[in-house]
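Encoded as structure tokens, the structure appears first; notes follow it.
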Amino acid sequence: MRAGQLRWLAPPILLALASLASVSIGPYSRVGLPQLVDLMVGHDIPSTYFYIIVYRLTRTAAAIVLGVSLASAGASLQYTLRNPLVDPYLAGVASGALLGVTLMIYLGRVGFLELYAAAMAGGLLTLALVTVVSSLAGGGASTFLITGVAASYLLSGLTMFLMIDLGPRLPGALYWMFGSVAFVTANILEKSAAVAAASLAGLLLLARKVNTFMLGDEVARSLGVNVSLVRALSFLLASSATSAVVAMSGPVGFIGLVSPWLARRMYGSNFTTVLPAAATIGATLTVLSDIAARLVIYPSEAPLTAVTSVFGAPLLVYILLKSRSEGSW
């Protein structure tokens with residue numbers, strides 16, 4: 001097999017292997033790969049084993065949806081804003097969505113559509129605010145980053161104030177606030193996956209036009225692109241994907257930053273290639289991070305964001321230093 005072919009096949013192969021490991025690994029050591037194989041070939045297995053495998057399958061699928069959504073949203077925001085330091089978490093979109101969801105929970109409205117609508121409103125408003133404030137402050141990658149982080153802190157503080165009044169629901173809400181796919185149900189997963197798939201499809205349709213943004217707004221306009229409309233649609237779709245998974249599993253940091261960066265290093269800067277590659281890489285990283293979250297403090301479980309931050313934060317510093325030294329990404 002040629003090196004070029006292997007480069008294209010590596011992400012989906014790694015995703016398949018990571019998913020297989022995720023379904024096979026868990027606190028119930030008697031339920032592993034042999035039992036999964038028995039189920040797949042139609043052999044009878046104890047009902048307890050069956051439900052454990054179904055739970056792990058749901059959890060793995062939720063991690064894949066989460067990774068695809070955050071990675072595609074991160075890639076879209078980075079290209080739309082021409083900023084390599086943007087992701088839904090650092091841009092404040094996830095924090096805005098989290099505040100919206102927490103407000104709905106506080107009001108006793110816990111239907112998925114209500115949570116999603118609130119998350120969407122919070123995410124879009126935050127992204128618009130961060131974009132405007134950073135532009136007024138002079139623009140630039142580092143300015144946007146600082147503005148986004150400041151907005152995230154502000155919104156996280158407001159979220160915590162609301163959570164204090166949740167009473168007996170507080171422990172579960174706090175765990176969800178740090179990001180986890182441990183409690184995702186099949187019903188919620190189906191709805192989140194549908195929204196995420198529609199958002200990704202929309203971003204793929206816009207990919208060629210978004211690609212022209214790297215040449216500058218004026219060049220994009222000269223090529224017949226309605227820059228304002230495409231940018232607004234890109235923001236809407238990125239926020240939609242992020243809001244769906246925040247409503248499902250809470251905010252998870254750095255997947256939307258790391259995945260597009262790795263995709264660009266592997267396949268170049270063409271957005272039509274980077275978007276699907278980043279989605280696949282994001283799914284793989286999230287599944288692997290979820291496995292690590294289960295095992296790192298076994299028999300307890302770490303929040304997903306705690307794991308993603310371990311590799312995401314150092315990479316953020318590296319990208320920031322690299323963008324400053326090279327003047328571009």
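Placed from the backbone N, Cα and C atoms, the Cβ positions cover glycine too.
Under the heading transmembrane segment, TrEMBL lists 49-77 (among others).
What TrEMBL records for 89-109 (among others) is transmembrane segment.
Taken from TrEMBL, the feature transmembrane segment applies to 115-137 (among others).
Sequence annotations record features per position, and here TrEMBL assigns transmembrane segment to 144-164 (among others). For the transmembrane segment (144-164), the list of distant contacts is 81, 83, 85-86, 89-92, 94-96, 98-99, 102-103, 106, 122, 126, 129-131, 133-134, 137, 170, 173-174, 177, 320: same-chain residues at least six beyond its ends, Cβ to Cβ under 8 Å.
Annotation source TrEMBL lists transmembrane segment at 176-207 (among others).
Long-range contacts of the transmembrane segment (244-263) within the same chain: residues 62, 65-67, 69-71, 73-75, 77-78, 84-90, 94-95, 97-98, 101, 112, 115-116, 119, 123, 176-181, 184, 188-189, 191-192, 195-196, 199, 273-274, 277-279, 281-282, 285-286, 289, 304-305, 308-309, 311-313, 315-316, 319, each at least 6 residues beyond the stretch ends and with a Cβ under 8 Å from a Cβ of the stretch. Residues or ranges marked as transmembrane segment in TrEMBL: 244-263 (among others).
TrEMBL lists 275-297 (among others) with the feature transmembrane segment. Sequence-remote contacts of a segment are chain residues at least 6 beyond its ends whose Cβ falls under 8 Å from one of its Cβ atoms, and for the transmembrane segment (275-297) they are 11-12, 14-15, 18-19, 21-22, 25-27, 59-60, 63-64, 66-68, 70-72, 74-76, 180-181, 200, 203-204, 207, 252, 255-256, 258-260, 262-263, 266-267, 303-304, 306-308.
Per TrEMBL, the feature transmembrane segment maps to 303-321 (among others).
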Which residues, given as numbers and ranges, are at least 6 beyond the ends of the transmembrane segment (176-207) yet have a Cβ under 8 Å from it?
58-59, 61-63, 65-66, 68-69, 72-73, 76, 98, 102, 112-113, 116, 159, 163, 230, 233-234, 237-238, 240-241, 243-245, 247-253, 271-272, 275-276, 279, 290, 293, 301, 303-306, 308
With pairs fewer than 6 apart in sequence excluded, do the transmembrane segment (303-321) and the transmembrane segment (115-137) have three or more C-beta pairs that lie under 8 Å?
no
Residues of the same chain, at least six outside the transmembrane segment (49-77), with any C-beta under 8 angstroms of its C-beta?
15, 19, 22-24, 26, 28, 30-31, 35-36, 39, 83, 86-89, 91, 93, 127, 181-182, 184-186, 189, 192-193, 196, 199-200, 203, 210, 234-235, 237-239, 241-242, 244-245, 248-249, 252, 255-257, 259-260, 263, 271, 274-275, 278-287, 289-290
